[in-house]
């Protein structure tokens, strides 16, 4: 689906790639340098929680965004190949997102913290569920066993729109997650104007810009079509 935005997708895919690298680096610096590192098992349960934002951002948001943009990033690649890459990347994002949620539950359970009490957690469970449904429907309709051509044609616009809706919901929930965690930290004594607070806020801003670039890249055309009846101005 490409809308008449008057801009090509390519610049936004370049911007998204750069912002993805920046966001990934920033969340890793936050988790490792400021929050003490990552751990699957630890007596310090905060290290277990740190896996959550890292996997949700890098695995869920960034890889999911790359999956959405793949048709714009590889416009000349064989369609079946691009479709397979799209499917695989979304599958990886879905799995890493589910694992990231598991580590949030693991941290809460081992720390004696209640689960599913916040808007962030409610939207998070809803979003990963919708993401999974979207992936399954896409797999069955477009990959295997595959629907009839006329069914694919009818489903495709809804697949794109629903996919973008779920992705935007995931982005919004990531922002809620940053806000919730930073609020908890600041209520526990973290300097509101300190380096870590600024890092978290700037990471959240970079994620917003990344998400916006992904969405615009997804709906912008690969190349601009000349308007009907258009004729270039002659040089002489």
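Just so you know, glycine gets a Cβ as well, placed from its N, Cα and C.
The domain 'Cytochrome b561' annotation in TrEMBL covers 15-219. Residues or ranges marked as transmembrane segment by TrEMBL: 12-34, 54-74, 86-105, 117-144, 156-178, 198-220.
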Beyond the flanks of the transmembrane segment (117-144) by 6 or more, those residues with Cβ under 8 Å of it: 64, 83-84, 87, 90-91, 93-94, 97-98, 101, 104, 151-152, 155, 159, 162-163, 166, 169-170, 172-173, 176-177, 180
Contact yes or no, the transmembrane segment (12-34) and the transmembrane segment (198-220), 3+ Cβ pairs under 8 Å, gap 6+: yes
Beyond the flanks of the transmembrane segment (156-178) by 6 or more, those residues with Cβ under 8 Å of it: 1, 53, 56-57, 60-61, 64-65, 68, 119-120, 123-124, 126-127, 130-131, 134, 137-138, 141-142, 200-201, 203-204, 207-208, 211, 214-215, 218-219
Sequence-remote partners of the transmembrane segment (54-74) [C-beta within less than 8 Å, at least six residues beyond its ends]: 9-10, 12-13, 16, 20, 23-24, 27-28, 31, 38, 81-82, 85-86, 89-90, 92-97, 99-101, 103, 131, 163-164, 167, 170-171, 174, 177, 207, 210-211, 214, 217-218, 220, 222
